[in-house]
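Participant: Straight out of TrEMBL:
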type: REGION; residues: 437-458; note: region 'Disordered'
type: TRANSMEM; residues: 39-57; note: transmembrane segment
type: TRANSMEM; residues: 69-88; note: transmembrane segment
type: TRANSMEM; residues: 94-117; note: transmembrane segment
type: TRANSMEM; residues: 137-160; note: transmembrane segment
type: TRANSMEM; residues: 199-222; note: transmembrane segment
type: TRANSMEM; residues: 289-311; note: transmembrane segment
type: TRANSMEM; residues: 323-341; note: transmembrane segment
type: TRANSMEM; residues: 347-365; note: transmembrane segment
type: TRANSMEM; residues: 386-406; note: transmembrane segment
type: TRANSMEM; residues: 412-429; note: transmembrane segment
Amino acid sequence: MERNLKNVLVISFGFLLLFTAYSGLQSLQSSLNAEEGLGVASLSVLFAALTLSSMFLPPIIIKKLGCKWTIVISMCGYVAYSLGNFYASWYTLIPASVILGTGGAPLWSAKCTYLTIAGTLYAEKAGKNAKDIINQYFGVFFLVFQTSGVWGNLISALILDQSSNKVEITEEDLKCCGAFNCLTGTTNSTESARPSNSLIYTLVGIYTACGVLAVLLVTIFLDQIQSDQVETEKEKLEAPSFWSTFLATFRHLKDKRQCLLIPLTMYSGFEQAFLTGDYSKVYMTCALGIQYVGYMMICFAGVNSLCSLLFGKISQFTGRKLLFALAAALNTGCIITLLLWKPHPKQLAVFFVIPALWGVSDAVWQTQTNAIYGILFEKNKEAAFANYRLWESVGFVIAFAYSNLLQAYVKMYILLSVLVLSMVTYGAVEYLEAKSSPRTPTAAKKENGKSPSQETHM
């Protein structure tokens with residue numbers, strides 16, 4: 001267990017360092033690089049590249065390199081994105097976004113595959129339920145990983161708080177904030193107050209160093225998982241064709257359950273994109289100033305991290321259906337509140353309550369959606385997790401693509417519609433699983449005490 005736990009912690013802290021940089025930069029793109037919509041455009045391109053990468057690369061790269069080296073090489077793309085932010089322009093940030101997006105899908109697929117295999121191997125040796133161990137591994141990972149938002153945004157908040165470009169917010173400025181925000185071309189003074197170049201260089205320099213440390217940590221300390229070698233030997237004997245591997249992601253769509261999970265997976269992209277691209281700009285930056293974005297994201301990430309561990313533990317007692325219902329209710333309540341609320345600096349607490357509640361629901365979307373993919377598609381892990389990243393990325397691409405074209409209230413109606421659809425299709429998946437699972441007296445007993453079909457894991 002000690003060696004397995006060490007590997008889980010190495011991956012977790014490697015991702016923590018890597019996404020300390022990326023999460024901080026992503027949260028600031030819509031505000032920091034607002035000119036001509038460069039920041040949001042770069043995120044849209046990034047997730048478009050991630051979408052294409054999800055279609056083709058993960059199964060091929062993981063099978064060729066193994067999980068460890070796939071993670072290492074993919075991490076280098078995130079470092080390139082940090083470097084692209086030193087001098088943000090269409091000629092630097094867009095290519096860097098393509099590089100990051102290309103490596104993003106193999107990175108996450110390799111991580112999910114590694115943790116699932118490690119959990120399964122340990123469960124076999126220890127005589128424990130594999131779903132419970134995988135649950136715990138994903139719970140530990142997301143506990144550590146989600147704090148990256150805290151550290152990344154704390155760095156940005158502390159550095160940008162030193163900016164000398166702060167402005168007074170007038171009632172006229174506040175008219176462009178909230179659900180009925182002004183579109184591009186009519187910006188208020190808080191949106192146009194960009195920090196000095198020296199502060200930006202300091203911030204990006206720290207983020208780049210974090211990315212380099214992440215690459216070194218995984219390269220030196222992560223073990224190449226044993227199952228990788230076993231599967232590689234089997235594949236050499238079976239000699240699958242290139243096209244068979246290449247199209248594994250598409251072939252997985254033949255599974256009806258995978259198709260029904262698409263709206264839920266896309267919603268994960270929609271809701272994250274809304275918080276980082278829209279809420280941070282038309283509520284936080286608009287009404288309070290860019291220096292508050294970091295503090296807002298710290299609130300979101302801190303709650304998200306704690307709830308990720310909590311849900312990873314209690315899911316075996318509550319079942320995933322109850323957790324999904326909780327997340328849907330919280331997101332719906334937040335969206336309705338944002339539609340009705342007119343942001344004002346005097347209502348400071350509200351600015352942080354909403355991302356805190358959003359963090360609770362996002363913890364469910366991240367942990368339980370990963371859990372479903374790992375449990376339902378155990379025999380096709382690489383292709384399944386590639387589909388997860390593919391459809392989540394599609395959600396990001398769509399949300400960022402229309403970010404500068406629609407007012408916030410329209411985007412919230414779209415978000416609410418996707419949420420309703422995702423809950424309907426998710427319910428269909430649960431129905432199909434319940435219908436197809438044979439129930440012996442023993443199985444029924446296990447199910448009531450957390451059977452694999454009801455458990456949720458990270």
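Cβ coordinates are placed from backbone N, Cα and C, and glycine is handled just like the others.
TrEMBL annotations: computationally assigned, not manually curated.
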Participant: For the transmembrane segment (137-160), I need the partner stretch with the highest count of C-beta pairs below 8 angstroms, choosing only from 39-57, 94-117, 199-222, 412-429.
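Facilitator: It is 199-222 that shares the most Cβ pairs under 8 Å with the transmembrane segment (137-160).
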Participant: When you check the transmembrane segment (386-406) against the transmembrane segment (289-311), do you get at least 3 Cβ pairs under 8 Å, counting only pairs 6 or more apart in sequence?
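Facilitator: No; fewer than 3 Cβ pairs under 8 Å.
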Participant: Short question: which residues 6 or more past the ends of the transmembrane segment (39-57) have a Cβ under 8 Å from it?
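Facilitator: Same-chain contacts beyond the ends: 26, 28-33, 81, 88, 93-94, 96-106, 109, 246, 249-250, 269, 273, 277, 386-387, 389-390, 393-394, 396-397, 400-401, 403-404.
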Participant: Flag the pair the transmembrane segment (323-341) / the transmembrane segment (69-88) as in contact if three or more Cβ pairs fall under 8 Å (sequence separation 6 or more).
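Facilitator: These two segments do not touch.
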Participant: Thinking of Cβ pairs under 8 Å, which stretch from 94-117, 199-222, 289-311, 412-429 has the most of them with the transmembrane segment (69-88)?
Facilitator: 94-117
